[in-house]
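Q: Have a look at this one.
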Amino acid sequence: MGLKLNISNDLKKSGFMLRQSLLKTSVSNFLSLNASSTMSRAFIRNPKFYSTSSNDTVLYESKNGARIFTLNRPKVLNAINVDMIDSILPKLVSLEESNLAKVIILKGNGRSFSSGGDIKAAALSIQDGKLPEVRHAFAQEYRLSHTLATYQKPVVALMNGITMGGGSGLAMHVPFRIACEDTMFAMPETGIGYFTDVAASFFFSRLPGYFGTYLGLTSQIVKGYDCLRTGIATHFVPKHMFPHLEDRLAELNTSDISKINNTILEFAEFASSSPPTFTPDVMDVINKCFCKNDTVDIIRALKEYASNTSALAEFAKSTVKTLYSKSPTSIAVTNRLIKSAAKWSISEAFYYDHIVSYYMLKQPDFVEGVNAQLITKTKNPKWSKSHEYHFKDLENYFKLPSEYNNGISFAAKGRRKTPLWNYKTYPYL
């Protein structure tokens, strides 16, 4: 990609595999993100989105060995704001060093785990000339997601209801991702002129075949048991059992990842009466089409399926229509990001997210997409580019901006300065 990362030798040592306990090694010394770049798609100075008290927007509970964070903005589907991140991060850092805290549990109050951040407020702030503030807010969200991705104690995400965007970023990189019957998982960014960030590129590139590329480009929602079938979730537990699972995890009083896994299995379901949405035939089409490096070739391959009389023609037609509704820049950048991330470490994925975010927030599709989808609600954004993108045309989106020449830092303040835990393969289970 023509870009060298200024990463220490410790960071280059990837593939570290976690065995019985996440406590064996310490984490920190992150790649750190400079103040002009960091994230939460929730908002900053706007009082509607910037809570004056974090105590009620994030509930914190200590229950035996469990430390439980409940996102508590049910009226806005637990959309994440800056105060919430500022409440969660210091506690996570402190708990990482605590001998009493054994397992972290993340959950959402009401019918949503988290719908992500407030992109409407971000777009309005950009229009008001506050792009640096938006970048700073976005970077805070990356910092939280990276902290969870490299956390040295087991984390369990109870993905009730809507789990999307930045909310997905809280869950996708932790070792235990528990779906239930009403889970709705998605990264919907290509429909608003942005890209699949929070290192979703790392996660998606490690799902079976090219299913992750399909999810990233189409913003497809994956529901319920399909989350387990496709690898998005590690377990499926009926929602009414969540409180009982939480109690059992607290009683364990251990950070042994195998014991935690076995405990979750006590509550898990291993079969579903609902048929799979993504059948082997559908997956075959996805793999044959979304393996292409250029989005124009992906669309061409789908059109070939759409033109025949097979049972898969309707799926292909629908997918082409979906892709044409997305920002051409967004799907092209997302495609390249996910394909490239297959070779990256987790921290490299976050690093490039900061760089790509810098450029994507500058280009007009983000404000246009958010305006059409969420403000005027015309649902018909006028994208700035055509679909004639090629892989090589996207090089500039991955070049370090000159104002970041002093480096990109997304360290969580206060984490110990020991070698960064970095990996290319998820070190769980």
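Placed from the backbone N, Cα and C atoms, the Cβ positions cover glycine too.
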Q: Going by Swiss-Prot, E141, G166, E189 bind substrate; tell me which of D128, D197 is listed for that site too.
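A: Looking through D128, D197, the residue Swiss-Prot assigns to the substrate site is D197.
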Q: Going by DSSP, is D197 (substrate binding site) sitting in a helix, a strand, or coil?
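A: SS state of D197 (substrate binding site) = coil.
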Q: Hey, what's the Cβ neighbour count for E189 (substrate binding site) at 10 Å?
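A: Summing over all protein chains shown, E189 (substrate binding site) has 29 other Cβ atoms within 10 Å.
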Q: Quick one: what's DSSP say for E189 (substrate binding site), helix, strand or coil?
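A: Note: E189 (substrate binding site) is helical by DSSP.
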